[in-house]
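Peer 1: As annotated by TrEMBL, compositional bias 'Pro residues' applies to 249-261. Per TrEMBL, domain 'LysM' is recorded for 188-235. According to TrEMBL, the region 'Disordered' annotation covers 248-267. Per TrEMBL, signal peptide is recorded for 1-24. Among the features that TrEMBL reports, transmembrane segment is placed at 275-297.
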Amino acid sequence: MAAHWCSFVLLLLLLLVQFPELQGQQSYVNKRQLNCQQNDTTTLGYVCNGAATSCRSYLTFRSTLPYNNAITIANLLAADASEIARINNITDVGVLPVDTLVVVPVNCSCSGADSRYQHNASYTIQTQGETYFMVANDTYQALTSCQAMEANNPYDFRGLVVNMRLNVPLWCACPTANQTAAGFRYLLTYLIRQGNSYSYIADAFSGAGADVPGILNANKLSENDLIFFFTPILVPLTEEPTKENINILPPPPPPPSPALPTIPSDQSGGSSRKWVFVGVGIGAAVLLLVLISVACFSQLTDMQSNCQAPGFGAGDRIIFRFQVKYI
């Protein structure tokens, strides 16, 4: 009996070691991808813990020059332009306004030595000075990371040159068994923007079945955990996201900065004190002039009484006249 119990415990431990993400989903990257020297496992992509090794997944991309229509976005992300046009209700070549949210369907599969979900694209370096960080965060809008790109390319980050072709592992994931049991069929990789919250993201994709608990569970987060703009987050969906069932609204503006307190009495008091100081200064100056005048007058009086002019009698005194002008 004891031997059977020990065997059961060992089997359970083996399962837990083999499938560490069985109950949990994926780990939120939490800005770690912004430091290319930080080799955290979360910066390499989402682990293969889903019920399937490949699936249909969705990415979000914001239109920007030169990627501002279905064809150019499809070429960048190695996707199907006609599918992008269908889901977003646009034409293949119709130019999109800058910063338009585009939903991009891709095939997501488990690959790599460390078994990560990814959709593979490729990029050719356009200008001298481009880096893994720039390609990952500027060109691909944080749908990958500099760490993941370094791990998927043989080139040292200091040796990138123009026309070099890079592998770009875009982050995607397949639903776990728990998510499938809860009714979720797809996972969408969404780039958090400034001002976004769990409820904002859930509301934006609520027409496709998103909700706050599903987002929290998918990313191993709690409602008290902070999320940061310019980081990817997984959004579980029950339906395919389309132009008709997603509602992307401008994020709420940040709260205004608190105004400095204004106290009228302090302001008037400061003004009064200013004029008091001016009055005191003028009074002191006048007093100083009076004292100097008195001292000069006394000295001149003494000189008058002691000085005699030649050619006059001893009893004749020289009279000095002074006029003091006050301005």
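Using N, Cα and C of the backbone, Cβ positions are placed for all residues, glycine too.
A TrEMBL annotation is a machine prediction, not a hand-curated record.
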Peer 1: Looking only at the domain 'LysM' (188-235), what is the model's average confidence as pLDDT?
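Peer 2: 95, rounded to a whole number.
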Peer 1: On the DSSP side of things, how many residues of the domain 'LysM' (188-235) fall into helix, strand and coil, could you say?
Peer 2: 17 helix, 8 strand, 23 coil
